[in-house]
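Here's what TrEMBL has on this protein:
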- 12-38: transmembrane segment (TRANSMEM)
- 50-71: transmembrane segment (TRANSMEM)
- 91-115: transmembrane segment (TRANSMEM)
- 134-221: domain 'CAAX prenyl protease 2/Lysostaphin resistance protein A-like' (DOMAIN)
- 135-153: transmembrane segment (TRANSMEM)
- 165-182: transmembrane segment (TRANSMEM)
- 188-205: transmembrane segment (TRANSMEM)
- 212-233: transmembrane segment (TRANSMEM)
- 261-285: transmembrane segment (TRANSMEM)
- 306-329: transmembrane segment (TRANSMEM)
Amino acid sequence: MEDTIKQARGSFSKLGGFFMLGTLVIFAVQLLPAFILQIVKPEWMNNGDIALLVTIIPMYVLGMPFLIWLLKKLPAQTPQRHAMSAGQFGVSFLMCYAIMFCCNLLGNIVTMVIGLLKGGAVQNTILDVATSSNMVITFVYMVICAPVFEEYIFRKLIIDSTMRYGQGVAILLSGLMFGLFHGNLNQFVYAFGLGLFLAFLYVRTGSLKITIALHMIINFLGGIVGVLILQLIDMQGLTEALASGDTQVLMEYYSSHLAGWAVYGVYAILILAAVITGVVLLIVFRKRFTLPGNERVIPRGKGFSTVILNPGMAVYCLFWLAMILLQLFQ
């Protein structure tokens, strides 16, 4: 048994080490072009779209492929494939959306409390990017690139390389590493919850296409549809109208944005209905969240010390926890 634990610690350490190395390479290929451009064409970096492209293109062309190349060196075990019907996919989406929404709400509450305690709002990085960038760039980045690369790395490669130590362990690790990789508390909470659910689906179906599709839909609704609706109601205009303290100005704002608020109201009702339905489905089908093929390889009470308390995973987790703390208190 001690040999098994030692071997498992070594495997998890290598996984964490590869992720840490991949993270550093991703940072390097993002920062170097930005640094060079800041020297050569500093005015370009004042353009939000150019600044975003300078970071995401190197990440998806060089950084992520390098991380994939590293992770594919690990021994892998693929889950058995099981078909999913259209109805099951629909149910999975509603569950997925409910988990994401509730976890996002929790994360926002926590960051709001932290913001009140420190005397300043915590910056929501992904919201700033989504609302300030060109919609085509946002679509390619959030709806296509992110789901494909993230699902392949955090679902397939992590789970395939750790499932031999237990399906439950692989699912938890997939969710944890996915959440930490986002580097801020706003996203960690919902990325962790979403990651757990998508990891469970991947283990039960063996299909990466399903998790990619769900991830794409979630990102599309939040990063594209949600942002377009916010643009319709002109949140900045509302803020300025409220700040003016003039009732006439506020009435003029609402009268000029009636159509936008009507769309917003319908969208809010649909979102609320989807969340409530998803929560009900999670409760009704809670007994189906089982792992029939799961075997306990790591003894009870040894999981955390084996999976996390090893050099590679410890460094990876501490690094991203430090990044989250920096984001909270910057």
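A Cβ is built for glycine as well, from the same backbone N, Cα and C atoms used for every other residue.
Note: TrEMBL annotation is automatic and uncurated.
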Q) Excluding the flanking five residues on each side, which residues at least 6 beyond the ends of the transmembrane segment (212-233) place their CB within less than 8 Å of a CB in that stretch? A) 89, 92-93, 96-97, 100, 126, 130-131, 135, 138-139, 142-144, 146-148, 150-151, 194, 198, 201, 257, 259-261, 263-264, 267
Q. Hey, which bits of the same chain come close to the transmembrane segment (12-38), Cβ under 8 Å, at least six residues off its ends?
A. 44-45, 50-51, 54-55, 58-59, 62-64, 66-67, 70-71, 73-74, 158, 161-162, 165, 173, 177, 181, 306-308, 310-317, 319-320
Q: Write out how many residues of the domain 'CAAX prenyl protease 2/Lysostaphin resistance protein A-like' (134-221) are helix, how many strand and how many coil, based on DSSP.
A: 81 helix, 0 strand, 7 coil
(Q) So if I exclude everything within five residues of the ends of the transmembrane segment (135-153), which remaining residues of that chain have a CB under 8 angstroms from its CBs? That is, six or more out. (A) 49, 52-53, 56, 60, 64, 67-68, 71, 129, 178, 198, 202, 208, 211-212, 215-216, 219-220, 223-224, 227-228
Q | When counting Cβ pairs under 8 Å to the transmembrane segment (188-205), the leader among 50-71, 91-115, 306-329 | A | 91-115
Q: Could you pull out which residues elsewhere in the chain have a CB under 8 Å from any CB of the transmembrane segment (50-71), counting only those six or more residues past its ends?
A: 15, 18-19, 21-23, 25-26, 28-30, 32-34, 37, 44, 129, 133, 137, 141, 145, 149, 152-153, 157-158, 161
**Q.** For the transmembrane segment (91-115), sequence-distant contacts whose Cβ falls under 8 Å of one of its Cβ atoms, 6 or more beyond its ends
**A.** 84, 121-122, 124, 185-190, 192-194, 196-198, 201, 210, 214, 217-218, 221, 271, 274-279, 281-282, 285, 328
